[in-house]
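Engineer: Found this in Swiss-Prot, in case it helps:
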type	residues	note
REGION	1-21	region 'Disordered'
BINDING	Cys46, Cys51, Cys57, Ser287	[4Fe-4S] cluster 1 binding site
DOMAIN	58-276	domain 'Radical SAM core'
BINDING	Cys72, Cys76, Cys79	[4Fe-4S] cluster 2 binding site
Amino acid sequence: MPKGRPSWFKVPAPSQGTQSTYSTASYSRYAQVKDSLQKLDLHTVCEEAQCPNIGECWNGGTGTIMLLGDTCTRGCMFCAVNTDSKPPPPDPFEPFKTAEAVVAWGVDYIVLTSVDRDDIADGGAQHFAQTVQLLKQNKPNLLVECLVSDFQGMLDSVETLALSGLDVYAHNVETVERLQPFVRDARANYQQSLSTLQHAKVVKPELYTKTSIMLGLGETEEEVTQTMTDLRAIGVDVVTFGQYLRPTEHHLSVVEYVTPEKFDHYRQVGENMGFKYVASGPMVRSSYKAGEFYLEHMIKKERTEAAIDIGENA
C-alpha cells in the first residue's frame with residue numbers, strides 16, 4: 001500500500017474551504033443546493049460516498065440525487081454508503097420531491113442514482129421510472145442520466161427504466177473482471193453488469209449507455225484494455241476512469257496511485273476504440289460535472305443533426 005498520496009494528487013475542501021475557493025455567488029449556489037436537499041429530505045451520493053468533487057459540482061448548481069433511501073443492501077468493499085439487509089421502505093413521495101428540487105435548481109442535466117435495493121421485487125426500477133417521468137413532465141428538455149444497480153440481472157427491470165424516458169443509462173462495472181470478487185458484493189459480477197448494459201441498448205438503441213471503472217486496485221494495463229474492449233463490444237458509449245480512494249480503514253487498501261499520464265493513456269485508448277466520450281483522471285467520478293457538461297452538449301448536437309436529416313428527407 002502506498003505511503004500517503006503523491007504530491008500531484010490534491011483534493012479541494014468541499015465545505016468550509018468552498019467559500020474561500022469560490023466567489024460569493026458560487027458559494028450561495030452551493031448553499032442553495034444543500035438547503036433544498038435538506039428541506040426535502042433528499043440524499044445525494046455526493047455526500048454519502050464522500051465524493052471529492054462535491055464543491056465543484058454543487059457550486060455549479062448540480063448534484064447526483066440518490067433515490068431509494070441512503071442504506072444499501074449490499075456491502076461492496078470500496079463503498080462508504082451505509083449497509084443493512086433490511087433498510088427502511090422507500091419514500092413514496094421521493095419522486096415528487098426530486099422533481100421539485102431539480103426544477104428549482106434550474107439545471108439542464110441531472111444524474112439520479114441509488115443504493116442497491118435487493119429487498120424490493122424489481123430492485124426499485126419502477127421508482128426510478130416514475131421519477132424520470134415526473135422530471136420530464138416538469139421540464140421536458142431536461143436531460144436525465146440514471147446510474148443504477150444491476151437489478152440482480154433482472155432484464156425486465158432494466159427494460160422498465162430504459163423505456164422510462166431517460167437519456168443516459170449508466171451502470172458501473174467498477175473494476176476489471178479478475179478483481180470483481182474482491183471489490184464488489186458477491187451478488188454482483190462482471191458478466192451480469194455487461195448484460196444489463198447490453199439489454200438497455202437492445203431495448204432502446206438510441207439510448208446512451210455509460211459505465212465507470214476505478215483504477216489503483218491492482219489491475220493491469222492489459223486487463224483495463226480488455227475491459228474497454230468488452231464494453232465496446234456491447235455498444236457502451238461512455239466510459240470514465242478515476243482513482244480509487246479508500247473511504248475508511250475498513251475498506252480495501254489502495255494498491256497504487258495511477259499517474260495522470262497513465263490516465264491520459266487510457267483516455268486515448270478508449271477514444272481510439274470508438275467510445276463517444278472518455279473521461280479519465282485521478283479525480284474523475286462516474287457522476288462528474290465536467291462529463292455531464294460534455295454529454296449534455298453531445299446529446300443535444302446529435303439530436304439536432306438527426307432532426308435536420310429527418311427534415312431534409314421528408
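Placed from the backbone N, Cα and C atoms, the Cβ positions cover glycine too.
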Engineer: What average pLDDT is reported by the model for the domain 'Radical SAM core' (58-276)?
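Structural biologist: Within the domain 'Radical SAM core' (58-276), the model's average pLDDT equals 92.
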Engineer: Over all shown protein chains, what is the count of other CB atoms within 10 A of the CB belonging to Cys79 ([4Fe-4S] cluster 2 binding site)?
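Structural biologist: If we count other Cβ atoms within 10 Å of Cys79 ([4Fe-4S] cluster 2 binding site), we arrive at 23.
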Engineer: Taking DSSP three-state, what's Cys79 ([4Fe-4S] cluster 2 binding site) in: helix, strand or coil?
Structural biologist: coil
Engineer: In the structure shown, which of the binding-site residues Cys72, Cys76 has the fewest Cβ neighbours within 10 Å?
Structural biologist: Cys76
Engineer: Relative to the mean position of the Cβ atoms of Cys72, Cys76, Cys79, the recorded [4Fe-4S] cluster 2 site, which additional same-chain residues have Cβ within 8 Å?
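Structural biologist: Near the [4Fe-4S] cluster 2 site, beyond Cys72, Cys76, Cys79, sit Arg74, Gly75, Phe78, Ala80, Val81, Thr83, Val115, Asp116, Asp185.
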